[in-house]
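Here is what Swiss-Prot says about this protein:
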COILED    28-62  coiled coil
TOPO_DOM  22-105  topological domain 'Periplasmic'
TRANSMEM  4-21  transmembrane segment
Amino acid sequence: MGKLTLLLLVLLGWLQYSLWLGKNGVHDLVRVESDVAAQQSNNAQLKARNDQLFAEIDDLNGGQGAIEERSRNELGMIKPGETFYRLVPEQSKRQPAAPATQDNQ
């Protein structure tokens with residue numbers, strides 16, 4: 001009976017070692033779960049970006065309004081006959097520019 005008990009204890013110890021510290025053990029499971037969570041977060045961000053780009057493509061394919069808005073905002077274009085007015089904030093509201101210095105060395 002003593003040899004069987006010793007054999008079962010050794011087998012139990014080996015199984016516990018492989019469960020906690022061995023390949024595909026608990027440490028690997030925790031690492032893989034954190035990797036999966038990080039990848040799912042990255043996938044969600046990329047999906048949101050893709051959805052935004054697809055919506056922009058649909059807007060651009062849908063008509064001239066989106067193209068006109070984009071050309072006005074990004075390129076500063078205006079229609080023929082329009083007058084462009086630029087509103088400049090007051091000096092106190094603008095960020096002060098860095099003073100230009102010259103080194104006379």
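Each residue, glycine too, has its Cβ placed from N, Cα and C.
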Request  = Report, as numbers and ranges, every residue of the chain located at least six residues beyond the transmembrane segment (4-21) whose Cβ falls under 8 Å of a Cβ in that stretch; write 'none' if there are none.
outcome  = 27
Task = Could you break down the residues of the topological domain 'Periplasmic' (22-105) into DSSP helix, strand and coil, giving a count for each?
result = 49 helix, 0 strand, 35 coil
Message = Limited to the topological domain 'Periplasmic' (22-105), I'd like the whole-number average of pLDDT.
response = 82
